[in-house]
Amino acid sequence: MTQFTHINASGEANMVDVSAKAETVREARAEAFVHMAPETLQLIVSGQHHKGDVFATARIAGIQAAKKTWDLIPLCHPLLLSKVEVQLEAIEAENKVRIESVCKLAGKTGVEMEALTAASVAALTIYDMCKAVQKDMVIGQVRLLEKTGGKSGHFKAE
């Protein structure tokens, strides 16, 4: 079994030393979903939501969150991201919004947490903007879709 990289021999949490690692191009994609009532989704899609453009706000929130992941999650390295992209798609037949994020850099550690944070915070932003209309929305299915680069190589979710 693979050992946890953030735990030392004494069981204490520590930030991993990546100084000796080779710099490689790394990319990660993640997704999240927000399930809601058809009426709530229609407010978003039609642009009639009283708080403004929900997708634009969620996109910016996701991008900002990726850049601040190191500040939110203990032991994450501050990274010089070269790309953060957040796409939002209304899936009206299923009454949900799909969020997909992509983070990329040339560096010594991966960007999986940044991609997951971007998708998660974009979903939270949708909830925040729509909670006055509907409080029982469900955020879920947050997952890593794919990652490339680094020692562990390529991963793609099934």
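Residue numbering: from 1, along the chain as shown.
Placed from the backbone N, Cα and C atoms, the Cβ positions cover glycine too.
Residues annotated as active site in Swiss-Prot: Asp128. Sequence-distant neighbours of Asp128 (active site) (same chain, 6+ apart, CB under 8 A from its CB) do not exist here. In this structure, Asp128 (active site) is part of a helix by DSSP.
Around the Cβ of Cys76 (substrate binding site), a 10 Å sphere holds 18 further Cβ atoms from the protein chains shown. Marked as substrate binding site by Swiss-Prot on the basis of sequence analysis: Leu75, Cys76, His77, Met113, Glu114.
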Requested in this report: For Met113 (substrate binding site), just count the other CB atoms lying within 10 A of its CB, please.
Outcome: 22
Requested in this report: Within the same chain, and leaving aside Leu75, Cys76, His77, Met113, Glu114, name every residue whose CB is within 8 angstroms of the centroid of the CB atoms belonging to the recorded substrate site, in sequence order.
Outcome: Thr69, Trp70, Ile73, Leu79, Thr109
